[in-house]
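In what follows, a single structure is set out as structure tokens and then discussed.
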Amino acid sequence: MSRPVVAIVGRPNVGKSTLFNALAGERISIVKDTPGVTRDRIYADVSWLDYNFTMIDTGGIEPESGDVILSQMREQAQIAIDTADVIIFITDVKQGLVDSDSKVADMLRRSHKPVVLVVNKVDSFEKYMTDVYEFYNLGIGDPHPISAASMLGLGDMLDEVVKHFPDSSKQDDEDDRPRVAIVGKPNVGKSSLINKLAREDRVIVSDIAGTTRDAIDTAIKYDGKEYIFIDTAGLRRKNKIKEDIERYSIIRAVSAVERADVVIVVIDATEGVTEQDAKIAGIAHERGKGIIIAVNKWDAIEKDNNTVKQHTEKIRQILSFIPYAEILFISAKSGQRLNKIFELIDVVIENNSMRVATGVLNEIVTEAVAMQQPPTDKGKRLKIYYVTQVSVKPPTFVIFVNDKNLMHFSYTRYLENRIRDTFGFRGTALKFITRERKENE
């Protein structure tokens, strides 16, 4: 089930970052020791009641020219409209209602996306409620007073946000077609890839309008099986500032990855793996999605007998945090190896849904422990009682031990490698959870 996406929009200095940090807390999706994973706080995982969602901070995009504040607000609003299920529109009670608020409210209203209007910096409800009522003039619903800095009113605001989430459980029950996100930095050939796939022999294509983010998903039937391709291309922005475009492409990638079963990360063979490529791949890795790395423009590379090997090693070195990812060298222009994409998608989906019987799993772990003893600390040795798989997408395993503080990440990686040696889990992240139990339990 994909997570709903919530975007925060607001003028500079109204408290977007304060609200973002207040909601994210320590759950912000930054893996400190994982190379290539974005650290610039664009998105975070948030939980409220029984709901989990992804929050996107649309701030930090600077306009090239024109009215700075209004232009920036329009940029943010467009990103939110493009990517979000629900939009939090944050205003400032102390600055009051200003013209740019009204203009952006018009944009949001025309989008027909759910908008939760928030009035920030209401440190005293008794003192400021009369000023809060002024924001009814925006005509986009009830204003919700909060103080992000003091954590006041956030519960009521979140109650309103989750009311607007789509019923994704119904969607998942009704639609079991594999969903494939094509992601990558601008100009690597994402749209060309989808267009070429759509023209392949044995393919039937149809567009699906009116999805939750007003994108056009493409249904492609290949050899009698239908796949939904999610395209993050088509940046509807005139701004050419490099940092802005990169930030925007990451935001679009987050949205697409949330909805996908398999993520195809497209990189440019003529450029190699860039920092931006690594950030986007990191999003898919964090979300536990199946990953295929499509090295596009392979026809533009001069080759000898070692070219594929050398490029593969270089990619593995830079993207060392996803050693399980499948790599495919393609040309969207010529169609080279595109027929392999559907085959790989099927393999990755099958592996991402694989279950391993507890008995078989523990035979592997017992053998692995015999080959390499668990670590010790101050004379105390880690004991592994048993391992069981608890879920799929991604395959998730719980390791029961005597003291989880003794379970070093390197030993978890060792066990993961032994499990992969037996079952492969091609293109699939594996998640491990360590829990303590007493020996006689």
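Just so you know, glycine gets a Cβ as well, placed from its N, Cα and C.
According to Swiss-Prot, the protein has these features:
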DOMAIN    4-169  domain 'EngA-type G 1'
BINDING   10-17, 57-61, 120-123  GTP 1 binding site
DOMAIN    178-353  domain 'EngA-type G 2'
BINDING   184-191, 231-235, 296-299  GTP 2 binding site
DOMAIN    354-438  domain 'KH-like'
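Every protein chain considered, the tally of other Cβ atoms within 10 Å of the Cβ of Lys190 (GTP 2 binding site) stands at 27. Taking Cα separation as the measure, Lys190 (GTP 2 binding site) is nearest to Thr58 of the binding-site residues Gly10, Asn13, Lys16, Thr58, Val122. Taking the C-alpha positions, the distance from Gly184 (GTP 2 binding site) to Val122 (GTP 1 binding site) comes to 41 Å. Note: the CA-CA distance between Gly10 (GTP 1 binding site) and Trp298 (GTP 2 binding site) rounds to 43 Å. DSSP assigns Val122 (GTP 1 binding site) to coil in the three-state reduction, placing it in neither a helix nor a strand. Cα of Lys16 (GTP 1 binding site) to Cα of Trp298 (GTP 2 binding site): a distance of 42 Å. Val122 (GTP 1 binding site) and Trp298 (GTP 2 binding site) are 56 Å apart (CA-CA, integer value). Put simply, Thr58 is the one of the binding-site residues Asn13, Thr58, Val122 whose Cα lies nearest to the Cα of Asn187 (GTP 2 binding site). Within the domain 'KH-like' (354-438), the DSSP-based counts of helix, strand and coil residues read 32 helix, 24 strand, 29 coil.
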